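K.L.:
The structure is given below, and queries will be raised subsequently.
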Amino acid sequence: MVVATHRPSRVLIDESAIYNNVTHAVADLDDSSALFAVIKADAYGHGLLRVARIALAAGATGFCVAVLDEALGLREAGYTQPILVLGIIEPQYAELAAQHDIAVPVAERDWLQKAAKSLTGELPLKVHTAVDTGMGRIGFTSDADLRAAADYMQAHADKFNHEGIFTHFATADSLDKTQFHQQATRFNQFVAALPVRPKYVHVANTATSLWHRACHSNIVRFGVGIYGLNPSGREISQTPYALQPALSLESALTQCKHVPAGTTISYGATYVSAAPEYIGTVPMGYADGWLRRMQGFHVLVDGHECEMVGRVCMDQFMIRLPHAYPAGTKVVLIGKSGGKEITLQDAAEYAGTIHYEIACCLSERLPRVSINKISES
Ligand SMILES: *Cc1c(COP(=O)(O)O)cnc(C)c1O
């Protein structure tokens with residue numbers, strides 16, 4: 001996609017915030033654990049390679065991504081650290097993963113048999129067996145199937161290296177710990193069913209690392225915390241260290257006009273000015289990931305909350321200003337202005353979603369600009 005660099009709409013990424021968040025998370029680990037930075041989906045919209053570089057400088061020792069292409073992108077950029085893909089890849093790409101020393105999850109023994117056909121054995125494929133303890137997404141569901149897969153890998157050790165076992169919690173970000181404890185217990189049963197304990201045993205996402213101990217795991221798959229976001233939204237406000245949000249979003253007015261009462265604004269004429277008003281136009285829209293359902297939410301101009309009036313268009317939206325401002329005046333969509341602040345959590349709540357989704361939706365058309373840069377270590 002074309003990046004709109006000749007337009008004032010942009011995502012600012014505070015590199016030192018990312019650095020601090022990862023540093024705190026690493027300091028919080030016990031001695032036997034390592035932090036793998038979860039940088040899938042272009043690092044939750046913050047930039048894959050930027051976040052990879054900062055996370056390593058801050059003490060991460062490996063990466064997790066969602067798809068094989070993200071892992072290959074890291075290898076292509078020269079990263080040699082361990083990488084685990086979190087989603088199931090198609091078995092015909094097993095050899096490609098093996099050649100690039102990329103670990104993949106396996107959830108069915110059939111997958112191993114299919115993958116074995118593609119694997120040359122030149123380099124064994126690193127496998128983390130996924131076990132489903134209550135997430136219902138990917139993973140073995142019975143001890144017997146898990147053990148059969150482990151035995152198969154043992155018997156084909158030229159092709160497979162059973163490097164890890166892991167699970168994923170559905171409710172680690174919830175005050176109610178019932179399901180969490182059930183899943184942790186089930187996980188320990190799965191691990192006990194294995195003839196050999198793999199090198200990596202891991203269960204923790206950000207929420208687990210913040211609010212749960214007691215799991216004998218040795219990797220934390222640290223995701224949303226990197227970006228300074230609380231995985232629970234507002235449900236659990238207490239965190240062992242302060243999370244510093246890294247992303248802000250800003251633009252600038254392209255026009256400001258004075259309109260009489262009764263003026264309609266945007267498609268569908270859903271907004272009609274009640275009185276003479278100042279209406280500003282902002283050059284960003286749903287094609288940038290600023291969703292149509294943000295209509296009625298507000299942005300900040302010069303420390304004033306300004307309502308987004310009328311429908312959000314593909315590339316522009318309108319706001320009601322308290323008085324005239326010249327074109328070029330800064331507009332803050334996420335971040336601080338004057339004494340006010342709008343967080344990703346605020347925007348997510350308004351849109352009826354979670355901050356993860358708002359961050360991931362910010363499209364590639366928006367340039368990502370680093371501030372407070374962390375230099376290469
Ligand atoms: C995305 C993901 C994570 C990271 O989750 P956060 O809530 O962002 O910390 C960890 N593990 C798995 C399996 C994931 O899919």
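Residue numbering: from 1, along the chain as shown.
Placed from the backbone N, Cα and C atoms, the Cβ positions cover glycine too.
As annotated in TrEMBL:
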type	residues	note
ACT_SITE	LYS40	active site, proton acceptor
MOD_RES	LYS40	N6-(pyridoxal phosphate)lysine
BINDING	ARG137, MET314	substrate binding site
DOMAIN	246-371	domain 'Alanine racemase C-terminal'
ACT_SITE	TYR267	active site, proton acceptor
K.L.:
Which residues in the same chain, at least 6 apart in sequence, have a Cβ under 8 Å from the Cβ of MET314 (substrate binding site)?
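P.N.:
The answer is GLY285, TYR286, ALA287.
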K.L.:
Per DSSP, what is the residue tally for the domain 'Alanine racemase C-terminal' (246-371) in helix, strand and coil?
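P.N.:
Tallying H, G and I as helix, E and B as strand, the rest coil: 24 helix, 51 strand, 51 coil.
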K.L.:
Compute the C-alpha separation of LYS40 (active site, proton acceptor) from ARG137 (substrate binding site), stating it in Å without decimals.
P.N.:
17
K.L.:
Which value does the mean pLDDT take for the domain 'Alanine racemase C-terminal' (246-371) in this predicted structure?
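P.N.:
Mean model confidence (pLDDT) across the domain 'Alanine racemase C-terminal' (246-371) is 98.
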K.L.:
How would DSSP class ARG137 (substrate binding site) in three states?
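P.N.:
Assignment for ARG137 (substrate binding site) reads coil.
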K.L.:
Which state, by DSSP, holds LYS40 (active site, proton acceptor): helix, strand or coil?
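P.N.:
Helix, per DSSP.
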K.L.:
Please report the Cα separation of ARG137 (substrate binding site) and TYR267 (active site, proton acceptor) in Å, rounded to an integer.
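P.N.:
Their Cα atoms are separated by 40 Å.
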